[in-house]
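According to TrEMBL, the protein carries these features:
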type: ACT_SITE; residues: Glu124; note: active site, nucleophile
type: ACT_SITE; residues: Glu128; note: active site, proton donor
type: DOMAIN; residues: 40-236; note: domain 'GH16'
type: SIGNAL; residues: 1-24; note: signal peptide
Amino acid sequence: MAFWQTQLPFSVFLFFCITALVSSGSIRHYTPPIVTHLTDLFPKIPVSDGYSNFYGDSHIKLTGNGSIATLTLDKSSGSGLASKNKYQYGFFSAAIKLPSGLSSGVVVAFYLSNADDFPHNHDEIDIELLGHDRRKDWIFQTNVYANGSVNTGREEKFYLWFDPTTQHHHYSILWNSHHIVFFVDNVPVREFPRNNAVFPLKPMSVYATIWDGSQWATHGGKYPVNYKNAPFTASFTEMEMNGCVYSKQNDSVSLCSKKNNPSSLDPVEGHEFATLSKQQLTAMDWARRKLMLYSYCKDTSRFKVLPPECK
């Protein structure tokens, strides 16, 4: 028997084992509940119309007549976009395709912040997609800060029920005077009510970025970015920013609530967005039962006394 004939069975076995490990990547292949697609209710804008370069100009590429932005991270720099307007409240969404391959330490973020205007007491509403030491096991992290409360992170982390690297998926934030809601493909995964002790109230810009989070992103910094796998590219499209556009001359929510919303639906004060529907509550319960892997409200080792909203 030839040498290759004796080795083939083991090679085939090894190939299928490696393929199974790589392709599985701990992705939870669930079928999500049926929900209203909020992303279909509001107009989408080209990236070039709504955003300007924030940093890493040479690592940003616009295609599709400005409708798609590709952001790149390599050893020299990350990259990011910032909205041209500031918002008091609204609905904000992006369809994002994440970097493929090993991505430990990489952070792709879609978030609101006013750190440029309020460096000592800023607000922030975060969606952070955290790379992993496996090929497809990205983590969806949410966080909320208000009035500079950065020492008390209010993180919640979720697994995804799909491979986020093969096509674009929608990641969305609803922020109004009633609550903050985080969505993945229109499924609500977290609601942060206004009655919490910490709630962002100051106008914020919208950001889309990719950057090196080696110090904390993957297993608390155990797995840093491996630039042998660079460049890492994230694609953003189907951008939505609908709500209250802020200006210094017009800082009243009641006056500006529909300035940037040509549709009849008002995500700022519309009754459709004051509470989650029964359908949405059922979907959120499904997501939290099956996919949530961390909540600060359950971290008694981190907090000797849990933040007041956890009670």
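Placed from the backbone N, Cα and C atoms, the Cβ positions cover glycine too.
Quantities reported herein were computed from a predicted structural model and do not represent experimental measurements.
Residues belonging to the domain 'GH16' (40-236) score a mean pLDDT of 94 in the model. Of all Cβ atoms in the protein chains displayed, 19 besides its own lie within 10 Å of the Cβ of Glu124 (active site, nucleophile). On its own chain, Glu128 (active site, proton donor) has Val107, Val108, Ala109, Tyr111, Phe140, Gln141, Thr142, Asn143, Gly213, Ala217 as residues at least 6 apart in sequence with a Cβ closer than 8 Å to its own Cβ.
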